[in-house]
Amino acid sequence: MDYKATLNLPQTNFQMKANLVNKEPEMLKFWEEKEIYKKTLETRANAPTYLLHDGPPYANGDIHLGTAMNKILKDFVTRYKTMRGYRVPFVPGWDTHGLPIEHRVTTSLGEEAKKKSPAEIRKLCKEFALKYVDIQREEFKRLGVKGDWEHPYITLDPDYEYHILDVFKTLVENGNVYRGNKPVYWCPTCRTALAEAEIEYHDHESPSIYVKFQMVDKPDTYIVIWTTTPWTIPANVAIALHPDYTYVKIKVDEEYWIVAEGLLQKFAADVGIDFEVVEKFVGKELEGKLTKHPLYDRTSVVVLADYVTLEDGTGCVHTAPGHGEEDYQTGLKYNLPVLSPVDDEGRFTKEAGKYEGLKIWDANKVIVEDLKNNGSLIKAGKISHSYPHCWRCKGPVMFRATPQWFISVDKNNLRGKVLEEIKKVKWYPAWGETRITAMVQERPDWTISRQRVWGVPIPAVKCKDCGEVTLEPKVIEHFANIVKEKGTDAWFELDVNELIPADFKCPACGSKNFEKTHDTLDVWIDSGCSWEAVIRSKGERFPVDLYLEGDDQHRGWFQSSIFLSTAKAGTAPFKAVVTHGFIKDEQGRKMSKSLGNVIDPMEIVNKYGADILRLWVASTDFFDNIRVGKNIIEQQVEVYRKLRNTLRYLLSNLYDFTEADLLPYEKLLPLDKWALGRLQKFIEQITQYYEGFEYSKVYNATVKYCTTELSAVYLDILKDRLYVEAKDSIYRRSAQTALHYILEALIKILAPIIPFTAEEAYQESHLKRYESVHLEYWPEVRKEFIDEALLEEFDHLLLIRDDVLKALENARASDIIGHSLDAHVIIEAKNEELKNLLRKYESLLEEFFIVSKVTLSENISGLNGQFANVLVQRAEGQKCQRCWKYHPDTGKDLEHPETCPRCSAVLRGERK
């Protein structure tokens, strides 16, 4: 007889083959049509709000793996918090002004860009940005990221621009904004000032030269400086010495050179000289001494500075206040002239004399040659070092003194207030606090003006009569109200008299004759105002619960946001900050087109599905740098298959089960009580990991639970009961009750990580209380399901089971058995406690070990296990053709001559 029809074989439409690439778009359509995101807010309208504020990516290209990972991590948070019962609005945003976009537009125009008016360039920039907003929006949605995609915040929207100006007005009112002629990072290619957050450091080869400056009062004595920027020597006005260092005068041939004693040996070895020390003195003894400039007929004065170090060079620092922040500060102290004879394109101006018209990088060679010819050059070489580059064009930048607008970070103790706010924030990982604190402590004033057109104009006006440049709160407010209606294009389209209040007069001379200025705001101010434009002004809870971005944002968005929020609102804009590292390839190298190791996230999605990409994100310890490559993604495909098969097993064995079939805990079999107890521990552990943003631990614990605890133990053991026992028997319903709770918890736990698969499983299950799993609530830990004594007992039984499995494997290798059901296992536990435990659970040991018979015995000679001695023999009796177990009484039932007594009872309907 074919007994297959008498078994409760698994049934489900949840296929083993995922086919995510085709199914996921259908799921997205389902979520959209059913308005699931909107319903998550409606069903939790009266619940506490949890706000993760989205840091806006630049709308200047397709998403890359880093932006994909960032949005997926945010989606883990918002989906989890929604299931925890919070109202979780998520408004995605885009950064749409600034150099990255303008650079792309002007580069594509080539020479045509110079023929375009500012208004025309701005129109093209807007079109470009909005095009990529739409492209990125669809890409993020395809990743399964939920949010208010139809109503994102976009920094070029007039309402958003209004709030930028409103925050800026507060800073001006507070006196934190000033105009100064001081050195700033300047990109000669992009022809604009840059802030610290717009600087990248790359290796760069520079000249390395030692130059001697002749003392005016002692023509045979020279102070030796070292520099890697010969092009700044035309702007030199001083030489800085440390006041407390010991300096030496050394005799070299017929000359005397002055260098720091602490660098003497290194210097002498580098330039290859023999010398004799003739005098020692401290730096402050030379203060005020004059030297002759090596290129021009003027003098350079000796000044003192604490920043002089003994790391490199000579301890005598070439000082050009027009080309360095520290030099500038020293210049203020000594009232030195600020020379910066370089124009916007990095060419020398007429103030540089013979070098006029030369680009600074080309001038290096010419200046070194001139120094050599006039006898001032001691040695010239090359040095490879980390040098600042523009974040957009990737070219080297310079420090250049130009009139710019700045935010003073110390006025009104703003820096001090920000440092206090930093302490109140929870940082993940904890070192984030140390990092941003150090950056804030050391940062200079914020250069906020840009010599570009694609941005929010700084509404400063210049008096045509006296030349005074004025930035007044009432002008900003007047312009902001215009912007609310017409956007910032108004600055480029309207007459200046329409942009200022009718009664506004020049504070310096009383004139009403003005012209517009043309600087725009640093784009970091745009995004740094998002807390006001998107959250606070809309009446949402403030400060928000979380900012989550790459760890480069400690000097970017986190810093701009906390400075602006502290200045305007008196508080940090966030309660917690989570940062992630950067993506590297499988060898740990940075991803770059030149290495050919860039991975497009949409290629992964289109080949494997978004859930595979999301699973990879969950697998990473994202607080550090993250590796990815083909092999790593393939590993996730295999892990996904295991998770999917676990879900499939659970679903396929609950096909005839409803909540009406649930058994009360006290009626469950011991093994099922153990499974439910372990489930509660798992839920408790996973919840802690989700709360701490430890998704790699969620991933590892879930994979381990599914593969080790479920598939390799519990689910394997259950097959006999599920398939063979009577459909409605307590044996099967007890198992199904446990599977019900496991499936329910597992689907919910996986929902934030792999939302498509979780939804598919939910829709195929008997669990549907809502339209979508993403409207469900997080599984609660049910303490009544935890029997600590029973859990401890099964921990010991599992250890004995390991010994049994080893013995079975040995027996299989020795051809004593083929399948474990061929076995009769004889066990001798190694201590009295374990012997008593085996006696207590003797009736379930055959099921637990998946064998036909278990005998507890003494003094056996089998496998010497760690916890038990185990002897494996071939089971006696005939093999039951229904359950495949061996039993001495198989075949004695005339009605069912091929079955064991248990199966005969099931077939007769006698085993309930």
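Every residue gets a Cβ built from N, Cα and C, even glycine.
Note that this is a predicted model, so its numbers are computed, not measured.
According to Swiss-Prot, the feature L-isoleucyl-5'-AMP binding site maps to Glu549, an assignment based on sequence analysis. For Lys593, the entry in Swiss-Prot reads ATP binding site. What Swiss-Prot lists as Zn(2+) binding site is Cys880, Cys883, Cys900, Cys903. Residues or ranges marked as motif ''HIGH' region' by Swiss-Prot: 57-67. Residues annotated as motif ''KMSKS' region' in Swiss-Prot: 590-594.
Distance between Cα atoms for Cys900 (Zn(2+) binding site) and Glu549 (L-isoleucyl-5'-AMP binding site): 63 Å, as a whole number. Cys903 (Zn(2+) binding site) and Glu549 (L-isoleucyl-5'-AMP binding site) have their C-alpha atoms 60 Å apart, to the nearest angstrom. Following the DSSP three-state reduction, the secondary structure of Cys900 (Zn(2+) binding site) is coil. A sphere of 10 angstroms centred on the C-beta of Cys883 (Zn(2+) binding site) encloses 22 other C-beta atoms.
Secondary structure by DSSP for the motif ''HIGH' region' (57-67): 3 helix, 1 strand, 7 coil.
Apart from Cys880, Cys883, Cys900, Cys903, the Zn(2+) site neighbourhood in this chain, defined by C-beta within 8 angstroms of the site C-beta centre, holds Val724, Gln881, Arg882, Trp884, Lys885, His887, Thr890, Thr899, Pro901, Arg902, Ser904.
Counting every protein chain shown, 28 other Cβ atoms lie within 10 Å of the Cβ of Cys900 (Zn(2+) binding site). Across the fold, the C-alpha of Glu549 (L-isoleucyl-5'-AMP binding site) and the C-alpha of Cys883 (Zn(2+) binding site) stand 56 Å from each other. Shown are the binding-site residues Glu549, Cys880, Cys903; of these, the residue with the fewest other Cβ atoms within 10 Å is Glu549.
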